[in-house]
Amino acid sequence: HLLQFGDLINKIARRNGILYYGFYGCYCGLGGRGRPQDATDRCCFVHDCCYGKVTGCDPKNDIYTYSEENGAIVCGGDNPCKKEICECDRDAAICFRDNLDTYDNKYWFFPRKYCKEESEPC
């Protein structure tokens, strides 16, 4: 669920998910095309690809379960599809955290007109 994704970003990357990543580069936020602009945008590209591999549930709307154990996010629940969504979200939040040092404000509200190059395959 997109709100849960925001929660995981807050917990893991210590950033407001929607504010920092809702409108960043060519892939962070709704849709995505072109070439990822930097490491953070690549996190979103990989997250989009991850969602694209999920079958049997709706990554943007289905609610999943997770817990925090020793500072780590552990995806759980009986539904393997929802667990997969959680893992996509968790991995993206970790990617954001690991690339905070290269986050570049010039890609915040990046004009989509610059995202015209052919997308690379997932």
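Placement of Cβ uses the backbone N, Cα and C atoms for every residue, glycine included.
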Further Ca(2+) ligand in Swiss-Prot, beside TYR27, GLY29, GLY31, within candidate set ASP38, ASP48: ASP48
Candidates CYS81, CYS86, CYS88 - disulfide partner of CYS50 as recorded in Swiss-Prot: CYS88
Among CYS86, CYS95, CYS115, cysteine joined to CYS43 by disulfide in Swiss-Prot: CYS95
Record Swiss-Prot, residue CYS44, disulfide partner from CYS26, CYS28, CYS75: CYS28
Recorded disulfide partner - CYS57, candidates CYS49, CYS75, CYS81, source Swiss-Prot: CYS81
Of the disulfide-bonded residues listed as CYS57, CYS81, CYS122, the one whose CA lies nearest the CA of ASP48 (Ca(2+) binding site): CYS122
Neighbourhood of CYS50 (disulfide bond), C-beta criterion under 8 angstroms, separation at least six: GLU87, CYS88, ASP91, ALA92
Cα-proximity to TYR27 (Ca(2+) binding site), 10 Å cut-off, over disulfide-bonded residues CYS57, CYS75, CYS86, CYS95, CYS122: none
Proximal but sequence-remote residues of the same chain as CYS115 (disulfide bond) (Cβ under 8 Å, at least 6 apart): GLY25, CYS26, GLY32, ARG33, GLY34, ARG35
Secondary structure of CYS75 (disulfide bond) (DSSP, helix/strand/coil): strand
